[in-house]
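According to Swiss-Prot:
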type: TOPO_DOM; residues: 1-24; note: topological domain 'Peroxisomal matrix'
type: TRANSMEM; residues: 25-54; note: transmembrane segment
type: TRANSMEM; residues: 56-77; note: transmembrane segment
type: TOPO_DOM; residues: 78-105; note: topological domain 'Peroxisomal matrix'
type: TRANSMEM; residues: 106-138; note: transmembrane segment
type: TOPO_DOM; residues: 139-145; note: topological domain 'Cytoplasmic'
type: TRANSMEM; residues: 146-166; note: transmembrane segment
type: TOPO_DOM; residues: 167-202; note: topological domain 'Peroxisomal matrix'
type: TRANSMEM; residues: 203-222; note: transmembrane segment
type: TOPO_DOM; residues: 223-337; note: topological domain 'Cytoplasmic'
type: BINDING; residues: Cys286, Cys289, Cys306, Cys309; note: Zn(2+) 1 binding site
type: ZN_FING; residues: 286-327; note: zinc finger
type: BINDING; residues: Cys301, His303, Cys320, Cys323; note: Zn(2+) 2 binding site
Amino acid sequence: MKNDNKLQKEALMRLSQLRFPFADAPSIVQAHQKDEQIQGLLIMKVTELCKLIKSQLFVNSYPKELSIFAKLLYLLFTTGRRGRTLGEEYVDLTYTNRKGTRLAGRLKMIVFAFAYPLCPYFITKLYKKIMKNNKESKIEDTESVAAFCKGLLDFILDVHMTLFYFKGAFYSISKRIFGMRYVFKHILSKNEANFREEGSQKYKVLGYILLAQNVMKWYPVLTSTLGSWIYGRKRTNDSITRSSVGLQERSEHESIEGIPKESQLTHINLSDKNQLPFIPEASRKCILCLMNMSDPSCAPCGHLFCWSCLMSWCKERPECPLCRQHCQPQEILVLRQ
């Protein structure tokens, strides 16, 4: 009886020591690229469906939201159901906890499926809203804090990607936060293990290159920040003394006044045939919103669209919607009589 218990304990110890190997960086990137390809097809289908149900204007107004919705659907029907995405099946990967001792829990995978596409979107929206409020209220301190937070996020992302190239553990920050790590769902043969080890070494070379790039990028920022912090009090006291003398005088000369509000602007709508009569009837509709142009604007290639339609389009994709020629928002010209 004692011998049987001893054998059972030894068997359990061996079973607990049996772990699937962690996935390497090239395999994780390969799975991610495959998922991006599938998500791109899904985004295209969702966009076409919204065109049929709503309109082209709706699709042009919410391209980012439609993309997020398609990615959320993809993750909910795969990861959210504790299954695997097509990219993970393609490379034969699955999620485990941070140490690789057990599979990731269902609740964690559901929360991750929501957080992965939605968190970056809401963070970006919040940052843009803060910056917009700062410009309207002219609060310099809050603007500097927002700029600092953006720089801090960029620094964290750079460090995160550098660690990934060296260790190959977490490809996204969301997975690092949730502690969801990839493992192969099969035992690697000797040849496959050697092949993947060679691929990991090549990614480490990229890690060293990225590390050198980040050092050159962030070293001047770090030194200037430390210098400002060391001499900040003295400079602040001097600036307060000097600015208190001529603050009112400078504000009177440097402030910009008389900027009209949006409601005070004169808009041109081509539904009125007296507006820009040289434009023929067949060319007076915007192909983006399928309505008569409002404030007709010209891209560098010469094609005409509504100001708001073309500006929204170029912010997402800097190109002409018709001929795909390069078009930056600052290159758009508004037509006037």
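Positions of Cβ are set from backbone N, Cα and C atoms, glycine also.
Mapped onto this structure are the features recorded in Swiss-Prot.
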residue	record	Cβ neighbours (10 Å)
Cys286	Zn(2+) 1 binding site	24
Cys289	Zn(2+) 1 binding site	19
Cys301	Zn(2+) 2 binding site	14
His303	Zn(2+) 2 binding site	17
Cys306	Zn(2+) 1 binding site	25
Cys309	Zn(2+) 1 binding site	23
Cys320	Zn(2+) 2 binding site	19
Cys323	Zn(2+) 2 binding site	11
For the topological domain 'Peroxisomal matrix' (167-202), distant same-chain residues with Cβ under 8 A (at least six beyond the ends): 19-29, 31-32, 88, 92-98, 100, 104, 108-109, 111-112, 115-116, 119, 156-157, 160
Sequence-remote partners of the transmembrane segment (56-77) [C-beta within less than 8 Å, at least six residues beyond its ends]: 35, 38-39, 42-43, 45-47, 50, 83, 85, 110, 112-114, 116-118, 121, 288-291, 309, 312-313, 316
Distal contacts, the transmembrane segment (106-138) - CB-CB under 8 A, six or more residues away: 64, 68, 71-72, 75-76, 79-80, 82, 95, 146, 149-150, 153, 172, 174-175, 178, 180
Collapsed DSSP category at Cys306 (Zn(2+) 1 binding site): strand
Same-chain residues at least 6 beyond the ends of the topological domain 'Peroxisomal matrix' (78-105) whose Cβ lies under 8 Å from its Cβ atoms: 19-20, 22-23, 27-28, 30-36, 38, 112-113, 178-186
Of the binding-site residues listed as Cys286, Cys289, Cys309, the one whose CA lies nearest the CA of His303 (Zn(2+) 2 binding site): Cys286
Conformational class of Cys286 (Zn(2+) 1 binding site) under the three-state DSSP mapping: coil
